[in-house]
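Handing you a structure now.
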Amino acid sequence: MSGCGCASTGTCHCGKDCTCAGCPHK
C-alpha cells in the first residue's frame, strides 16, 4: 500500500511513498 491518510481521530497511516507532514518516515 502506498500513499497516506489521516483519520479524524488524528491517527495516520503512511505508505512507502508517503511524504505527508505529521507522518513518521521510515
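Even glycines carry a Cβ here, placed using N, Cα and C.
When I checked Swiss-Prot for this same protein, it listed these features:
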type    : residues : note
BINDING : C4, C23  : Cu(+) 1 binding site
BINDING : C6, C23  : Cu(+) 2 binding site
BINDING : C6, C20  : Cu(+) 3 binding site
BINDING : C12, C18 : Cu(+) 5 binding site
BINDING : C12, C20 : Cu(+) 4 binding site
BINDING : C14, C18 : Cu(+) 6 binding site
Look up C18 (Cu(+) 5 binding site) in the DSSP assignment and reduce it to helix, strand or coil.
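In the DSSP reduction, C18 (Cu(+) 5 binding site) maps to coil.
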So which one is it: of the binding-site residues C4, C6, which has the fewest other Cβ atoms within 10 Å?
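It is C6 that, of the binding-site residues C4, C6, has the fewest other Cβ atoms within 10 Å.
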Measuring Cα to Cα, tell me the gap between C4 (Cu(+) 1 binding site) and C14 (Cu(+) 6 binding site) in whole angstrom.
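About 5 Å separates the two Cα atoms.
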